[in-house]
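Positions annotated as transmembrane segment by TrEMBL: 30-48, 146-169, 175-202, 214-235, 241-261, 311-331, 351-369, 376-395, 407-426, 447-471, 477-500. The feature domain 'Major facilitator superfamily (MFS) profile' is assigned by TrEMBL to 41-503.
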């Protein structure tokens, strides 16, 4: 009995403090389903705040660099309008402290301001992409709860430091560049960690639907980040960064207190309740709580993870899918505020609020893609179909979105649905599927690494898209949309081999069912 008490004591000591407190209040351990609900809620909150803090820079762009709006009324995709590329020939002189009517913030209000903003995006996303690969390896070798907490605290610190530049009256570009790079480094800890934790708690059967709903945190974070930053913009752009920074730091403390990394960490059996390592009473001997050194799973290596079937095609598909998605994430409010819609220009605040409709479409797209892929059992077919459908949606938004607010909102919603659907599917269900691929022989310590490889490769595209947009938009926004449509096409093409394999598999399954049906029951003579 002594060994049993010791085992229970060890398990309790490993539980997060918040879980211990909840169990002390309830006077009994939390059930497996209660832990699953806690995991979904805490990781949802965590990554929503990652995206909320990331979204803020897109809202303040039009305040830092108030370009002359897209003055041309020629919206044909294949024609450029010279008038849409002109800057204001003169700018209003600013006082030391910024105001909305002052004409921007040095150095971003100079002639090359748009390019500088693109370089900030590149710095953030470039470090984010590189950090993602290392974060996956670290995540599979460390306590994900601590790892995620540190990442969120660091993200909050450097997001806030960017905003501090407003009150400190900092006009040195290198300051904002370095702060963005460090913010990107800490942001890279988030995605591999939350996907690995959710993958530890949920099986594959309904993973697409569950993760499709759960992945709404991306759009919820973008929406809340947009609304918070837009609401605070009139008080000074610094507030639009400091407040989301403080919120994600507080959310990091919630993660530290309440996130159970896996069932074993809280002594729960995946098949039910109770200590996973101890047999039920009456079943004889008990199994040791801790595995021996020879039994502990070895983390999968970086190159070994690349060789898992399907990882490379989905990673390169995500490169172009995230290029499209992140161009909208970082530039959509700016594009809306500098485009004539129904004969007038919208304010930066209104443009920021309106851009949330893209993310609302993304919520629906993510859930639909997850559900359809579960029903079909075909992740590649679903992702490729959504990417191909996004091409006409992008064309229509550029060419017809200016006609009215209603048309703009409808087309933006549809575009968000098709752009974010495959992005959500690949970064969640597909990553979790491949991280537990049969070729790993049951080794569960590849989830964070595989997730990091796929999303890290996608993040390289996410860095390139906003950077190219900074340069191309100075010539013509039509060029930007051509880039996005070509990227969507290439993303779908990367999945061609997997799509063919899934189609052949479905045909073979259909033939097998047909043969069984035609045989009918065997009659006895």
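Every residue, even glycine, has its Cβ placed from backbone N, Cα and C.
Just so you know, TrEMBL annotations never went through curation; they're auto-generated.
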Given the transmembrane segment (351-369), which of the listed stretches 146-169, 311-331, 407-426, 447-471 has the most Cβ pairs that are under 8 Å apart from it?
407-426
Cβ under 8 Å, sequence separation of at least 6 from the ends of the transmembrane segment (214-235): give me the contacting residues as numbers and ranges.
40, 43-45, 47-56, 58-60, 63, 100, 198, 241, 243-244, 247, 329, 333, 348-349, 352-353, 355-356, 359-360, 362-363, 366-367, 370, 416, 420, 424, 427-428
Maximum Cβ pairs under 8 Å to the transmembrane segment (241-261) - stretch from the list 30-48, 146-169, 311-331, 376-395, 477-500
146-169
By a Cβ-Cβ criterion of under 8 Å, what residues six or more beyond either terminus of the transmembrane segment (376-395) are in contact with it?
77, 208, 313-314, 317, 321, 324, 365, 369, 411, 414-415, 417-419, 421-422, 425-426, 429-430, 433, 481, 484-485, 488-489, 491-492, 495-496, 498-499, 501-503, 506
Hey, does the transmembrane segment (477-500) touch the transmembrane segment (311-331), meaning at least 3 C-beta pairs closer than 8 angstroms, sequence gap 6 or more?
yes
State the residues, same chain only, that lie 6 or more residues beyond the ends of the transmembrane segment (146-169) and have a CB under 8 A from a CB inside it; answer 'none' if no residue qualifies.
46, 49-50, 53, 56-57, 96-98, 105, 135, 138-139, 175-176, 179-180, 182-183, 185-190, 193-194, 197, 236-242, 244-253, 255-256, 259
Between 0 and 100, where does the mean pLDDT of the domain 'Major facilitator superfamily (MFS) profile' (41-503) sit?
80
